[in-house]
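**Student:** Per Swiss-Prot, region 'unknown' is recorded for 1-220. Per Swiss-Prot, the feature region 'Ribose 1,5-bisphosphokinase' maps to 221-410. Look at Swiss-Prot and you will find G233, P234, S235, G236, A237, G238, K239, D240 tagged as ATP binding site.
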Amino acid sequence: MRYAVYLAPPPASRFWQLGSAWLGRDAWLNRPVALPSGWSAADADRVAAAARYGWHATLRAPFALAEGASEAAVHATLRTLARRFATFGLTLAPATLNGFAALRPVSGQSQVAELATAALLALDALAAPAPLRTGLSAREAELCRRWGYPYVFECYRCHFTLTSQLDEVDIPSWLARAAAHFDGALYQPVEGLALFVEPEAGAAFRLCRLVWLLMAGSTSMRTETGQLIYVMGPSGAGKDSLLGYARERLAGQPLVFAHRYITRPATAGSENHVALSEAEFALREAHGCFALSWRRNGLAYGLGCEVTDWLAAGLVVVVNGSRAALPQARQCFPGLKPLWITASPAVLAARLAARGRESADDIAARLAASAGFRPPADCRVLCNDGELAVAGDELVAWLSSHCHQPITAL
């Protein structure tokens, strides 16, 4: 297994979609995407080598872990490094580099080089020695022996690779093609460090983590850019069944379903949650391990801080919330979109009675609480009275509308 630290835009961004379409592969979803319209098989061959690495510009070239090093240590190092740098802008243009086409900086090169050098030094103790390359200058060979990569320090050259080696006669047409393809997207903010992983030798690299830099002019890290979907509903409405239905059908979309942390056994109920004792929950809550927490019906519920990381990565995050905690949730996630899943009182009563977990008085109390709730004006309402697939397909369509659509032809 090898790791690499790259410049890469968030997966939901237009620049990522354009770059992935150019290469014919999305390294976040780890799947092929359609190449631009009109490309030939020979054109596809020209980008195949770059596609294995995903859309990126190198900061720290691929490295294996040194003995005793761990992926967790790499994550921690990147988080520390990210707090030393603020976001900045990068203006790119199609150009050639050693005979291949690339997007190269017109401005911002010195800031990228500084970031690349810092990444190289910070990760040095975690990287195993790399094999020496051939065909290098004396200085490049010296750098490769010491740092595992020849293009560092004064030899560093920031670029987003577009093709493999080109015949000189083909270069102008490829540069023109790139200028048209990336038109309107050649100024990019550099917002974070992207950790890519090669699971095994020769495998395609995958984007596995984005670590955000400080916001320009601030001492704060970047906050949410994705979309949080806050799902509510009375007991018996079938929330868990509907979320499970949608989860199966939306695999591969830039959308995640957050597990809840709950003080009840893992075997209780139909929800796939993380079971905690009261003491464990209180400890995590006291140490800020939850992005949001609340109490209801004698249980404690929490959403982990990973939710904010997923939002910062530009993902759609679906959480199973509580109507009582909605005001608190809005404070934590101002841009959330609420969804109220419900059913008719008769259906709710029948479902609650069938599961046999509540007494008749408990059922009556739950129905009364549900009847008293008025969804806010910005809340999507979904009625789950009939077959699961009916409301399920409606939910899938609504959630899909919040996901970016991969570019299939340009």
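Here the Cβ of each residue, glycine as well, is placed from N, Cα and C on the backbone.
What you are looking at is a predicted structure, and each value in this text was computed from that prediction instead of being measured.
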**Student:** Return the residues near G236 (ATP binding site) by Cβ distance under 8 Å, restricted to its own chain and a separation of at least 6 in sequence.
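**Tutor:** For G236 (ATP binding site), the qualifying residues are A343, V347, L348, A349, A350, R351, L352, R355, R366.
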**Student:** In this structure, which of the binding-site residues G233, P234, G238 has the fewest other Cβ atoms within 10 Å of its Cβ?
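**Tutor:** Fewest other Cβ atoms within 10 Å, among the binding-site residues G233, P234, G238, is found for P234.
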**Student:** Over the span of the region 'Ribose 1,5-bisphosphokinase' (221-410), how high is the average pLDDT in this prediction?
**Tutor:** 84
